[in-house]
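J.: Mind having a look at this structure? Questions to follow.
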């Protein structure tokens, strides 16, 4: 009669599913988190702890989220959750940037331009409604990523209180003396009809005309005398400039040279020209002239204030000196149009050059522009060239492909154009130097971020903060109708307006009658019609949001975290404003991540068809796989994503999930309140496993603390796959399944598994949030009621290391791992040779040197459980048969033979003592002891 001993085994059992089925299961978990107020429970559990504030850089409220958004929000969420686990109070208030041109353009497409089909007030309301819809759409996707935060109370730059606080920030800028009004060239988008911030400019290749232009000399005698070239050479005499923007020629008001450069008077074919000495050869080659003769040389300084005729207008222009003139290209003489270039403007101010003012807001020449009235600037390029040819002042024309500024929204070329604007001065009150000093106080991650933003601050122009738009926070200023000076009560008036905006939003400004606030002064002062640059909106959130939200409790911001493009964007605008208002950087740490690219390193592009959307990833793989990919990728460089890479992340996920499932299945029936074994009473191997977890936890906590999330994933994988999966968990199966259910041998093992599970679930939670929550719900209850969610908990405190007097210390088990690896290698050879089936069918002899023998013999009969074979003999290396192949592990050689004993149907070990007990004729003595006796005793493994 065959007896079924299956019911005498402690087989693993758990309701924790093998398959994650994440795409299907995660939405229900999110619903549970929301219904049970998870975020508020985290806040309550963290109350009173040291704060860590990560301030959310607001994404723009327009369009669906893309993979870059997902990377950004997931990284932030990992930090917030890990800081909570590290013992911090770390609130997360998500935000959105809600004003600005992209929303205006969308709404224009829906309802028309303001003051045409719809009033400006109605238009603003439509913009507000559109932005609200976009926020809700993006919010759903961010929540779906598993990102925890105060989603019911996000900050929006269009919230009335935030709009009011942005105005108050402007007040502080004015109070500290950083604001001025000036006419200055700014980036101007013809399609936007507005100035652009530095961060809104992209550089793309553009084909432009490249022209060499003659400026005929006013007095040839004077120039000949300067060059000591009287009577030398022949033909007309000109200064030669080179430009790729012919349309700026009508605005030319000077020729700039470098005071320290050498300039030659050159016989170029049948004419005489002035060129920088270093560029004579290259210009001659460019214009196709072989006959060149130097007639004289002077320093640039000697040419100052010499006059030349404008190429096609009836006036002369001076030669001026400028340090911006180099010999990197061109002729060494620079066409200077103060309206259309920052260097031109700066040097022009030194010489009181007039501003031409020929180009209007729509990019067309005004009616008084001779030859080109009403023409668009780019339309005028061929017309200018034609005019230059007509008057004989075009030396050479060709096409050139070069990098040219474009509008980031319209992807169209922009121009520099002088307009009356409001600026934050970089030199006023020493703002530039102060900001550079503050940069050095900040921790930049990666550290190259510091040099990058330093260079940008060193070179950036004054910040033009005014815009000529409808949907934006107004510059709530009153200026004198004649002098343009600010009202003497500006700061008080700003606060009065801010209070009204707090109640009714920005429309309160547009509805305001000047007389309400100014009284009689309304006759001489007018409202400024401009709005603030949206970078002022987001750049002021350190004050408008963080300083005013109760959750932040007046604490300083610890971290800003955004893509690397934000060095010139949000990081820059925030730094400028915070330094201007509070004389300090707004952040202590700045972390930047790279952009996402496809498997071939290409940018995401509709035309290539390589766009990976977070929505598709979550529908196919689930949010946790997306989160694992983000965490396992080194974010300091480009972040590569593809279907193949995500599949690899899914494979890693399965290994982690399988480890967790093994732990839970083998904790079946374990009650920590009743069954927990004291560390000193545990089996040696179990103590080592817990100590192993403690080592891993130290490294994981350190990696989280230093934002090295790919290191966290690597350590997590090593722990699950190597230390646990291929060693400890493999070894303990026999003890778990075959010993008595309540024996010390089994409860010791379960105690270790319980400690490990409690630690593992917390390590995972910041990254694999959904899966960690699922594991948490399946863990055995503790003596004090288990918290409802893992996210309110700190890292596990119950792990312990090996004692100082531990005989079988970590070094011991590391040696055992090497031996086991070598035994497995030889067993695999025997399996492949069909000499054995599984390892339990083998009898192993280890020929070991004295060191290894002493090591192995400490385990006695339990060595076979570590090696997972039915029998192990340890002999001296000197007894090794001559024909036995050497091992790959020095000091030990392994011999494997097939066991001739019988297989025990209960434990599957082979034994020559099966049937010794007549009542259980099929069982080995060990199983008999475990079934009807007191149970086998284990000490080591």
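Every residue gets a Cβ built from N, Cα and C, even glycine.
Residues annotated as motif ''HIGH' region' in Swiss-Prot: 59-69. According to Swiss-Prot, the feature L-isoleucyl-5'-AMP binding site maps to 562. The feature motif ''KMSKS' region' is assigned by Swiss-Prot to 603-607. Taken from Swiss-Prot, the feature ATP binding site covers 606. Swiss-Prot lists 904, 907, 924, 927 with the feature Zn(2+) binding site.
Have a look at these and tell me how they're positioned relative to everything else.
T.: For the motif ''HIGH' region' (59-69), the mean pLDDT of the prediction comes to 92.
For residue 562 (L-isoleucyl-5'-AMP binding site), the count of additional Cβ atoms within 10 Å of its Cβ stands at 21 [all protein chains shown].
Long-range Cβ proximity for residue 606 (ATP binding site), meaning a same-chain Cβ under 8 A and a gap of 6 or more residues, is found for none.
Cβ contacts within 10 Å of residue 907 (Zn(2+) binding site), excluding its own Cβ and spanning all protein chains shown: 21.
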J.: DSSP says what for the motif ''KMSKS' region' (603-607): how many helix, strand, coil residues?
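T.: Per-class counts: 0 helix, 1 strand, 4 coil.
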J.: Using a 10 Å cut-off, grab the number of neighbouring Cβ atoms around the Cβ of residue 924 (Zn(2+) binding site), all chains included.
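T.: Taking all protein chains shown, residue 924 (Zn(2+) binding site) has 28 Cβ neighbours within 10 Å.
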J.: Specify all same-chain residues, apart from the site residues 904, 907, 924, 927, whose Cβ lies within 8 angstroms of the center of the Cβ atoms of the Zn(2+) site, ordered by sequence.
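T.: Neighbours within 8 Å of the Cβ centroid, excluding 904, 907, 924, 927: 738, 905, 906, 908, 909, 911, 914, 923, 925, 926, 928.
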J.: How does the motif ''HIGH' region' (59-69) divide up by DSSP, counting helix, then strand, then coil residues?
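T.: Residue counts in helix, strand and coil order: 3 helix, 1 strand, 7 coil.
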J.: For residue 904 (Zn(2+) binding site), which DSSP three-state class applies?
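T.: Reduced to three states, the DSSP call for residue 904 (Zn(2+) binding site) is coil.
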J.: Round to a whole number and give the Cα-to-Cα distance in Å for the pair residue 904 (Zn(2+) binding site) and residue 562 (L-isoleucyl-5'-AMP binding site).
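T.: That separation, Cα to Cα, works out to 61 Å.
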J.: Could you find out if DSSP has residue 562 (L-isoleucyl-5'-AMP binding site) as helix, strand or coil?
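T.: Assignment for residue 562 (L-isoleucyl-5'-AMP binding site) reads strand.
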J.: Taking only the Cα atoms, work out how far residue 927 (Zn(2+) binding site) lies from residue 562 (L-isoleucyl-5'-AMP binding site), in Å, as a whole number.
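T.: About 61 Å separates the two Cα atoms.
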J.: Calculate the distance in Å between the alpha carbons (Cα) of residue 924 (Zn(2+) binding site) and residue 562 (L-isoleucyl-5'-AMP binding site), and round it to a whole number.
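T.: About 64 Å separate the Cα atoms of these two residues.
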J.: I'm trying to understand the geometry here, so how far is the Cα atom of residue 907 (Zn(2+) binding site) from the Cα atom of residue 562 (L-isoleucyl-5'-AMP binding site), in Å to the nearest whole number?
T.: 56
